[in-house]
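Undergrad: Have a look at this one before I ask anything.
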Protein chains: 4
Amino acid sequence: MVHFDHDDDKPREECGVFGIFGNHEASLLTALGLHALQHRGQEACGITSFDGKRFPSERHMGMVGEHFGGDLRTRLPGHAAIGHNRYSTQGRPMLRNIQPIFADLAGGGFAVAHNGNLTNARKLRHDLVRDGAIFQSTMDTEVILHLVARSSRPRFLERLIDALQKIEGGYALVGLTGKKLIGARDPVGLRPLVLGRLGDAFVLASETCALDIIGAEFVREVENGEIVVISDKGIESHRFTQARPASPCIFEYVYFARPDSIVQGRSVYEVRRRMGHQLAAETMADADVVVPVPDSGVPAALGFSEQSGIPFQMGIIRNHYVGRTFIQPTQVGRQSAISKKHSPNKAVLEGKRVVLVDDSIVRGNTSKKIVQMVKDAGAKEVHFRSASPPIVNPDFYGIDMAAKSELFAAIHTHEEMVRELKVDSLGFLSVPGLYKAIGEPVRNNMMPQFSDHCFTGEYPTPLVDYESDESDKERQLSLLDDA
Amino acid sequence: MVHFDHDDDKPREECGVFGIFGNHEASLLTALGLHALQHRGQEACGITSFDGKRFPSERHMGMVGEHFGGDLRTRLPGHAAIGHNRYSTQGRPMLRNIQPIFADLAGGGFAVAHNGNLTNARKLRHDLVRDGAIFQSTMDTEVILHLVARSSRPRFLERLIDALQKIEGGYALVGLTGKKLIGARDPVGLRPLVLGRLGDAFVLASETCALDIIGAEFVREVENGEIVVISDKGIESHRFTQARPASPCIFEYVYFARPDSIVQGRSVYEVRRRMGHQLAAETMADADVVVPVPDSGVPAALGFSEQSGIPFQMGIIRNHYVGRTFIQPTQVGRQSAISKKHSPNKAVLEGKRVVLVDDSIVRGNTSKKIVQMVKDAGAKEVHFRSASPPIVNPDFYGIDMAAKSELFAAIHTHEEMVRELKVDSLGFLSVPGLYKAIGEPVRNNMMPQFSDHCFTGEYPTPLVDYESDESDKERQLSLLDDA
Amino acid sequence: MVHFDHDDDKPREECGVFGIFGNHEASLLTALGLHALQHRGQEACGITSFDGKRFPSERHMGMVGEHFGGDLRTRLPGHAAIGHNRYSTQGRPMLRNIQPIFADLAGGGFAVAHNGNLTNARKLRHDLVRDGAIFQSTMDTEVILHLVARSSRPRFLERLIDALQKIEGGYALVGLTGKKLIGARDPVGLRPLVLGRLGDAFVLASETCALDIIGAEFVREVENGEIVVISDKGIESHRFTQARPASPCIFEYVYFARPDSIVQGRSVYEVRRRMGHQLAAETMADADVVVPVPDSGVPAALGFSEQSGIPFQMGIIRNHYVGRTFIQPTQVGRQSAISKKHSPNKAVLEGKRVVLVDDSIVRGNTSKKIVQMVKDAGAKEVHFRSASPPIVNPDFYGIDMAAKSELFAAIHTHEEMVRELKVDSLGFLSVPGLYKAIGEPVRNNMMPQFSDHCFTGEYPTPLVDYESDESDKERQLSLLDDA
Amino acid sequence: MVHFDHDDDKPREECGVFGIFGNHEASLLTALGLHALQHRGQEACGITSFDGKRFPSERHMGMVGEHFGGDLRTRLPGHAAIGHNRYSTQGRPMLRNIQPIFADLAGGGFAVAHNGNLTNARKLRHDLVRDGAIFQSTMDTEVILHLVARSSRPRFLERLIDALQKIEGGYALVGLTGKKLIGARDPVGLRPLVLGRLGDAFVLASETCALDIIGAEFVREVENGEIVVISDKGIESHRFTQARPASPCIFEYVYFARPDSIVQGRSVYEVRRRMGHQLAAETMADADVVVPVPDSGVPAALGFSEQSGIPFQMGIIRNHYVGRTFIQPTQVGRQSAISKKHSPNKAVLEGKRVVLVDDSIVRGNTSKKIVQMVKDAGAKEVHFRSASPPIVNPDFYGIDMAAKSELFAAIHTHEEMVRELKVDSLGFLSVPGLYKAIGEPVRNNMMPQFSDHCFTGEYPTPLVDYESDESDKERQLSLLDDA
């Protein structure tokens with residue numbers, strides 16, 4: 001059993017998804033696509049293909065590159081495949097909770113994988129079990145499968161629409177039947193899904209970087225509330241909800257998406273650089289050097305340096321060989337300054353007034369350690385800058401970001417945060433600044449262009465499961481090992 | 001059996017070593033130290049401790065963080081330990097070739113690990129086998145063990161000196177007996193070894209970053225031709241050769257050492273940044289953006305940007321989730337532009353004149369791929385800059401850098417290189433410029449301050465094994481799987 | 001992936017089951033019980049316990065003794081547990097097809113394991129899938145689970161009865177809920193199930209030898225068509241069918257049951273010895289020595305020797321270290337006489353007229369090899385005797401005995417069999433002789449005391465799935481890897 | 001790490017060896033041969049072949065059939081191979097202690113495996129280490145390798161003879177060089193080794209049963225003090241000691257050899273049966289049934305029955321599915337009567353006066369348990385008969401039989417043994433009776449025909465290592481995990 005050493009407390013996203021239809025190396029290209037999406041989930045991965053008769057599947061703990069090499073075309077043959085990367089959460093991850101999941105329905109096999117979280121999955125699951133459904137996992141994805149299986153509609157697509165109309169939440173879904181590759185995105189478009197093309201084949205992926213790695217062209221984003229159905233006859237589009245403006249999750253820009261991905265037509269790298277510009281404009285500091293918390297803080301730190309004229313240097317080195325399990329020694333001098341992931345670069349830090357730029361602050365634990373490390377290395381002053389606004393509300397759509405009671409900015413005043421972090425000053429990007437960096441001159445407060453509930457508390461969907469009185473109401477079903 | 005996906009052709013160093021004496025968490029601290037030295041060898045790792053009676057050992061394929069967690073103090077108890085990271089090479093790495101290696105000598109147990117390569121190991125091995133020695137591995141380290149075992153001198157230290165006086169080459173060695181931790185460095189000081197202190201305990205390590213991670217203070221470098229002996233009585237120093245100026249390997253600055261390490265009193269990061277300054281001064285280009293080949297090209301690219309005034313941007317994104325085995329699809333559009341490790345950041349590259357900065361060019365394969373990738377992403381011009389001089393000679397001291405016939409700069413003229421790389425211009429740092437960046441105003445041509453044979457062809461030691469007529473004379477014994 | 005080297009062609013039974021309620025070492029005793037039942041299934045084993053809140057489970061490929069040692073009370077805690085041994089069949093055995101299987105039903109968890117085969121499982125499965133059920137395995141056991149889940153009856157026991165009334169076939173089932181241990185046996189009592197007692201705890205097991213190993217007392221057999229429910233309140237008995245005389249499978253006496261088990265009050269060893277007496281009386285031969293095919297032929301051969309006066313000797317030695325996979329050399333002298341499992345004992349066989357006694361003949365392959373081996377060892381004559389009647393019909397109740405077209409006695413005349421086996425004479429026990437050996441003076445042809453369809457073609461239940469026209473109608477669902 | 005569940009206390013032999021020269025399926029035939037010799041060692045196995053250039057090797061924990069299937073001709077190619085089965089002993093078995101062991105000697109590679117124990121291995125090892133030899137294992141076999149490596153004689157065979165003349169003890173050795181297959185047997189012929197032929201190939205094996213399984217013909221035994229050298233030129237014989245009568249270990253007849261093997265021209269099965277005749281003649285009992293302790297007691301029990309006229313029955317059933325690890329429940333009724341390996345067959349034992357026949361009694365633990373089990377099953381009287389004389393001295397030639405202080409018959413009087421075993425009578429075969437059963441009318445007390453030191457205390461060789469004062473002088477080097 002493996003566990004990553006999360007000595008950071010970054011928000012974690014549940015998944016990356018990928019699907020391809022019409023290429024004889026479907027599973028191999030899916031593996032490559034998942035590899036490019038590895039940053040979206042590193043603890044488990046799975047691929048299901050369709051070989052003309054059966055749905056061969058492999059699901060593994062660990063990363064794509066550890067398992068999906070070799071004779072993949074023999075192991076998972078066929079012209080169509082879907083795949084999934086997953087972050088598991090507290091407790092031990094379980095093999096039966098790795099996607100894609102598969103079921104033999106009356107009309108034939110159906111495999112499905114999704115990124116996101118259903119906000120009424122518990123209620124639906126409870127109702128389904130009461131009606132005799134037997135669940136094989138604790139994944140909310142399985143709820144969708146049962147809803148499809150039990151729909152009374154005659155055609156498969158109608159049954160799927162039936163199911164999607166019953167669920168609430170944020171999701172990007174890829175599905176595979178004996179004839180079709182299916183993609184669907186929730187009514188608000190919270191979780192990302194793009195459509196690409198590689199020769200005659202169509203591709204679905206969480207981000208454009210997964211199209212790039214296989215040499216596919218970007219076609220368009222799958223829209224909120226849209227189902228795309230890809231088959232030998234080409235591609236069809238269906239809607240399962242009333243049209244409404246999309247409100248995608250703003251955190252894709254802040255942290256999740258890879259910098260070389262294009263999200264809603266915008267370069268993630270450039271948005272982050274502009275967040276740095278905006279951050280410098282809003283929270284300038286008198287300092288000698290701008291230092292990013294690598295790797296995620298680099299673009300914003302470059303932007304901060306460009307705007308402020310303060311030189312950019314790599315004052316923190318990231319060790320990329322982070323292993324699986326590591327016990328801390330009990331007695332080591334100045335223990336607090338020790339990290340297996342980050343090392344201070346004294347030559348840059350010693351005697352300097354440092355602007356430290358990170359993408360966000362979640363629980364604050366890592367931030368504290370990094371500040372301490374920078375000071376131990378001899379920094380004269382530390383000015384901490386977060387390239388996103390204060391995170392004061394939890395997410396319920398597939399991001400594991402801690403409960404409200406654990407969020408640093410939710411439970412401390414600005415002064416307390418400065419004191420806790422032991423910094424000389426602390427600055428956050430403002431919500432308007434964030435919108436501006438993204439390229440929206442102003443936030444539409446009546447119908448915000450992005451789901452920014454973590455900063456504003458305005459949730460774009462009903463939160464059925466979380467409005468009850470249950471003690472663990474803040475836990476998302478998809479983040480639980482065992483419901 | 002695992003193999004890393006080396007889609008780069010960086011020079012690879014054989015090893016990192018670590019040793020500690022006098023701390024009850026010796027093996028745990030050794031694991032942490034090896035973790036900090038992981039960049040020096042990622043395919044195998046081993047630790048041997050002394051528990052007062054026996055020398056418990058563990059040797060594993062893979063990285064430190066994958067194996068040395070958990071109950072390490074139970075598995076490898078004791079107050080002293082040594083450890084080793086290893087790069088294996090062609091063919092399959094074999095468990096019996098992982099260090100430390102151990103032998104029960106007449107006077108007691110002796111474990112040893114080293115970084116480097118002996119240039120007369122084959123000859124010595126041949127002689128030893130002729131005299132009845134039985135080798136259990138193909139490592140040159142074992143030659144040292146047999147020489148110690150067969151020395152006629154009465155005391156252990158004398159026997160070790162006896163052995164070291166018979167070997168030629170570059171090495172930094174750590175050894176462990178029931179009473180002593182031993183460190184030794186070759187007469188020229190080719191391979192690095194530093195001495196540190198953590199409370200009452202002494203520490204030996206390949207680089208200072210391994211001292212930093214455990215909170216130990218840097219004391220001094222072990223000198224060329226010096227043996228340090230650490231025991232309950234403290235530390236002693238012995239010399240086994242005539243005194244002569246050191247000539248450490250210049251490649252530690254160019255590529256091997258971690259940027260936050262201090263080598264011979266100099267910050268590796270700062271030296272690399274100055275290499276960038278010098279490179280810009282020598283090989284200026286008219287361009288819009290300076291882009292590093294990450295991660296190793298970052299400091300020099302920052303330096304180039306600072307000197308030239310051309311903005312620095314992350315135009316190439318490095319994917320850190322590189323797996324073990326990965327098969328290439330056979331048919332993927334524009335295959336040459338595909339890499340699992342690097343992705344182009346179009347937003348930075350498109351329509352731009354790009355200065356591409358890397359630390360060095362070895363075989364040229366990766367450089368070609370990266371240039372192609374940058375052009376495919378829309379760069380208008382590509383000006384390639386190598387922060388080190390042309391590599392025209394192989395190494396024989398533990399660096400795996402390809403045979404002379406494979407070295408890009410050894411087999412091509414400048415014009416051919418420009419054509420092969422398909423770049424608009426190509427520039428290398430000069431040898432004098434390299435010395436200047438390190439802080440030596442001028443190279444002492446009679447007795448160079450550094451071993452720079454890869455650039456100059458001047459080898460600092462005899463090359464016994466490689467002066468014979470054998471067909472594979474360019475292969476170092478320590479790089480062979482099976483001799 | 002492991003496969004046993006079945007160089008014999010004995011009939012194979014699907015399973016052994018075990019359950020215990022009321023002992024704090026429930027899982028450990030279950031492991032011991034399964035160990036004693038290992039002869040009923042050697043390719044996979046599983047145990048589920050109830051710890052007061054959850055149903056911890058382990059399922060493994062391989063034998064009980066390979067997996068269920070060590071800290072079993074920690075891994076599978078609780079006062080109640082059920083377990084299962086399984087023979088897998090053609091193709092690769094799959095982890096998801098190992099029992100017990102578990103489901104979270106509306107009223108709470110339910111784990112179940114069974115020995116046998118449902119003869120209408122395919123039809124029921126087809127109907128259930130049509131109604132939206134999602135199956136996680138290809139085991140017929142799961143059909144029972146879904147029937148329970150979907151029953152409209154209010155109480156659990158009623159729902160179970162509802163389910164059992166829908167299924168046809170032969171089965172002995174153990175189930176575990178949060179409050180109860182349940183045992184059930186099919187209406188005819190085809191598959192065996194006994195009830196025992198260990199102190200305050202009740203025990204269910206396929207055979208009495210599993211009671212013996214844990215020191216439990218035999219109480220009685222579970223009756224055909226009976227459900228026993230064991231809880232904190234003691235034991236209750238329910239019937240789910242009309243009362244009718246039992247007709248247990250006669251093959252338990254012939255081959256399956258362990259010789260030290262007591263089946264329906266009769267010592268299996270003694271029955272087999274009497275089969276030998278009867279066999280000698282019916283098929284006497286003029287010979288020098290009686291030799292069993294070990295181990296299963298030993299009791300009948302002893303009986304034959306006692307009745308005939310011909311000395312009994314171990315003329316064939318069985319090698320018990322039979323491994324998992326073994327490839328046959330391509331060129332070995334007298335290949336036909338080679339076996340990894342049996343070796344001829346020349347000292348006994350050479351120059352002798354041999355009566356060779358085996359329990360049965362299925363496909364005939366092994367019999368041919370053994371005869372050849374005995375002749376190669378120098379036997380002058382070989383008189384083959386089968387201690388059971390000719391097998392001329394397949395089983396549909398959980399015994400894997402080959403299709404009718406593969407059964408040696410079904411496709412050959414007596415003369416052909418003599419010729420194929422290359423024996424000097426061949427004799428089978430008669431059906432009346434078999435009944436006599438069991439202690440029944442005469443077979444009740446109107447309502448036979450035993451299910452003897454393999455010999456007589458009279459099946460005791462409807463064969464729903466096998467009366468259709470499907471091509472593989474002779475395959476039992478529980479013997480398929482993938483339905 | 002695996003451990004067999006030795007709930008018996010039989011003597012255990014170190015090894016079985018096998019070698020073949022001149023067949024293109026050499027490694028496959030070696031695997032088959034080792035499989036037939038599995039009874040001589042079940043915890044580890046290894047094969048080394050010579051492929052014309054190298055000596056590919058595999059060594060595994062576990063049994064032959066678990067590891068040596070599949071593509072063996074690819075994994076271990078070549079026309080010659082040797083192999084080894086091993087019993088490991090107390091503590092954990094270590095991979096480096098599995099044979100064959102291999103060394104690159106000055107003249108080329110040499111692989112060797114042996115059955116037996118050197119009685120001066122410790123002294124020789126001590127001297128070799130003092131002279132600079134480095135040992136890679138704790139096996140006494142390695143002493144031979146070092147002696148060969150250090151011999152000053154020019155030719156390989158002379159060097160081997162040099163080495164053999166320095167060692168004392170009992171051994172049967174197979175060796176492989178690039179040109180030759182070598183067999184050697186100690187001066188007394190303690191450990192067995194036979195020569196066979198398969199077409200043009202020669203075969204060496206511990207027992208004839210390993211010739212039988214591959215269809216090879218028996219040629220002759222390798223003689224005591226003989227070296228056979230098999231090469232492309234055929235077979236040569238050399239002697240390395242003065243001629244003297246052989247004195248092979250009598251325990252091969254009593255327990256070790258497989259019943260179908262022929263040892264010194266005698267059928268082991270027939271010898272054991274005659275031991276039963278003799279035992280009945282010497283220690284008759286008034287009883288109802290003769291019951292063997294299976295499997296090893298079966299031939300003697302049959303002999304006892306034949307001689308006495310008391311019927312033979314299988315009153316104890318052996319469970320052959322004995323797993324690796326098994327924890328005993330803490331609270332089970334009548335615990336003493338529980339065994340995972342043997343089950344009582346009540347139908348045979350209840351109310352009977354039982355003669356219980358086993359091959360020998362070592363520590364007495366298993367005998368006690370079995371007697372108790374037989375009584376618990378209802379036996380009225382138990383008359384225990386050992387088919388060998390009382391074991392009162394340890395072995396020093398590779399048999400692990402416990403120290404003298406643990407030997408049941410060495411530390412108890414006859415009356416005490418009867419009391420401890422709780423039997424109604426106890427009888428042992430006499431030493432003269434044993435000789436008679438083997439076919440020697442009388443023991444030659446001046447120069448016994450067999451090494452019978454376990455019964456008589458007369459050791460056939462010097463016991464150098466065991467005549468010193470060391471505390472563990474009774475431990476054989478080859479039985480130690482870690483010397």
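Backbone N, Cα and C atoms are what each Cβ position is placed from, and that goes for glycine too.
From a predicted model like this one, the values you see are computed outputs, not experimental measurements.
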Undergrad: Kindly point out which candidate in A:SER296, A:SER305, A:SER425, A:SER430 is recorded by TrEMBL as part of the Mg(2+) site with A:ASP358, A:ASP359.
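TA: Among A:SER296, A:SER305, A:SER425, A:SER430, only A:SER296 appears alongside A:ASP358, A:ASP359 as Mg(2+)-binding in TrEMBL.
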Undergrad: Is A:ASP358 (Mg(2+) binding site) helix, strand or coil when read with DSSP?
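TA: SS state of A:ASP358 (Mg(2+) binding site) = strand.
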Undergrad: For the recorded Mg(2+) site formed by A:SER296, A:ASP358, A:ASP359, which further same-chain residues have Cβ atoms within 8 Å of the site's Cβ center?
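TA: Residues close to the Mg(2+) site, other than A:SER296, A:ASP358, A:ASP359: A:LYS10, A:TYR255, A:PRO292, A:VAL293, A:GLY297, A:ALA300, A:VAL357, A:SER360, A:SER386, A:ALA387.
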Undergrad: Specify the secondary structure state of A:SER296 (Mg(2+) binding site) as given by DSSP, simplified to three classes.
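TA: Assignment for A:SER296 (Mg(2+) binding site) reads coil.
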Undergrad: For A:SER296 (Mg(2+) binding site), what is the tally of other C-beta atoms lying within 10 angstroms of its C-beta?
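TA: Around the Cβ of A:SER296 (Mg(2+) binding site), 23 other Cβ atoms lie within 10 Å.
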Undergrad: Give the distance between the Cα atoms of A:ASP359 (Mg(2+) binding site) and A:CYS15 (active site, nucleophile), rounded to the nearest whole Å.
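TA: Per the Cα atoms, A:ASP359 (Mg(2+) binding site) and A:CYS15 (active site, nucleophile) stand 20 Å apart.
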Undergrad: Taking every residue in the domain 'Glutamine amidotransferase type-2' (A:15-233), what is their average pLDDT?
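TA: A mean pLDDT of 92 is what the model gives the domain 'Glutamine amidotransferase type-2' (A:15-233).
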Undergrad: Compile a sequence-ordered list of residues in the same chain as A:ASP358 (Mg(2+) binding site), six or more apart from it, whose Cβ lies below 8 A from its Cβ; state 'none' when nothing qualifies.
TA: A:PRO292, A:VAL293, A:SER296, A:GLY297, A:SER367, A:ILE370, A:PHE384, A:ARG385, A:SER386, A:ALA387
Undergrad: Counting across all protein chains shown, how many other Cβ atoms sit within 10 Å of the Cβ of A:CYS15 (active site, nucleophile)?
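TA: I get 26 for this one.
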Undergrad: Among all protein chains shown, how many Cβ atoms are found within 10 Å of the Cβ of A:ASP359 (Mg(2+) binding site), not counting that one?
TA: 27
Undergrad: Using DSSP reduced to three states, classify A:CYS15 (active site, nucleophile) as helix, strand or coil.
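TA: DSSP assigns A:CYS15 (active site, nucleophile) to strand.
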